[in-house]
Amino acid sequence: WIMGHMVNGLEQVSEFLNLGANAIEFDIDFDQNGVAKITHHGIPCDCGRLCTKQTVFTEYLDNIRHVTTPGDPKFREQLILLALDLKLQRIPVEKAYAAGVDVATKLLDHYWQRGKSKARAYILLNLPLVQDYEFIRAFKDTLKNEGYEQYNDKVGVNFTGNEDLDEIRKVLKKVGVDKHVWQADGITSCFARGTDRLTEALKRRDTPGYNYAYKVYAWTLVKYSTMRRSLRLGVDGVMSNFPDRVVEVLKEEEFADKFRMATYDDNPWKKFTG
């Protein structure tokens, strides 16, 4: 999975897909009551990137629904995963549940259209910190209460704050999640980061019966050297400001026989077994 990073403007969707991304990540900014308002990162953000692009969240979902619906004039077959970077760290922790209800409801209304839409992308809910676990509970409660639990098949969760992997496992157990789990490891592209935690996450992914890391990805990679390093470790995905660079690296002799771009037929909730 090649994830285009910080794709918050509508015009950026095509831009990142044209560079080779098959997944996009966008930031969800909330008001203080936990209502998802806009796609927006804000300052500071990655080096060399404009941090201020934004779109009304529901408009973004309406647009991306077209892009991920087969037969739609805007359809782009390669876009198979949407990663929602939930900026929950900006709101009171007690509002995490309200935020989960709101995001689930907006996906139901504007992306899935309560069963009418044929939009097919998988959804990855990226939570910054384990303290926000009530968001997950609320999201699942809302799908159940509204009668659309079938969409759980399309949704996964991921904690992005580089917290202790055992703490993440405990929190996921607490909310009854033991499948559809990704694990991210990384840092803003402005800084270097070691591989200790990434290596540990990959080790857990490869441990039979471990259910709290089906896929592991590294973020936000901009240097060819760090892309190669992560691929050598065996990551499932890379998040980058430059998807075209990841595409280039994947074509190199060292990686061409070991990796390929994920397609819609690849289940993001299953461990890759070769």
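Glycine is treated like the rest: Cβ placed from N, Cα and C.
Taken from Swiss-Prot, the feature active site applies to His5, supported by similarity to another entry. Its Cβ placed at the centre, His5 (active site) has 29 other Cβ atoms within 10 Å.
Swiss-Prot lists Glu25, Asp27, Asp85 with the feature Mg(2+) binding site. Neighbours of Asp85 (Mg(2+) binding site), defined as other CB atoms within 10 A of its CB across all chains, total 25.
What Swiss-Prot lists as active site, nucleophile is His41. According to its DSSP assignment, His41 (active site, nucleophile) is coil. Here the Cβ of His41 (active site, nucleophile) has 21 other Cβ atoms within 10 Å, regardless of which shown protein chain they belong to.
Residue environment of Cys45 (disulfide bond) contains 21 other Cβ atoms, counted within 10 Å of its Cβ in all protein chains. Here Swiss-Prot flags Cys45-Cys51 (among others) as disulfide bond.
Under DSSP, Cys190 (disulfide bond) is assigned to coil, being neither helix nor strand in the three-state scheme. Counting only same-chain residues six or more apart in sequence, the Cβ atoms lying under 8 angstroms from the Cβ of Cys190 (disulfide bond) belong to Asp46, Cys47. If you look up Swiss-Prot, you'll see Cys47-Cys190 (among others) marked as disulfide bond.
Rounded to a whole value, the Cα-Cα separation of Asp27 (Mg(2+) binding site) and His41 (active site, nucleophile) is 6 Å. Looking only at the recorded positions His5, His41, Cys45, Cys51, the one with its C-alpha closest to Glu25 (Mg(2+) binding site) is His5. Ranked by Cα separation from His41 (active site, nucleophile), the recorded positions His5, Cys51, Asp85 are led by Cys51.
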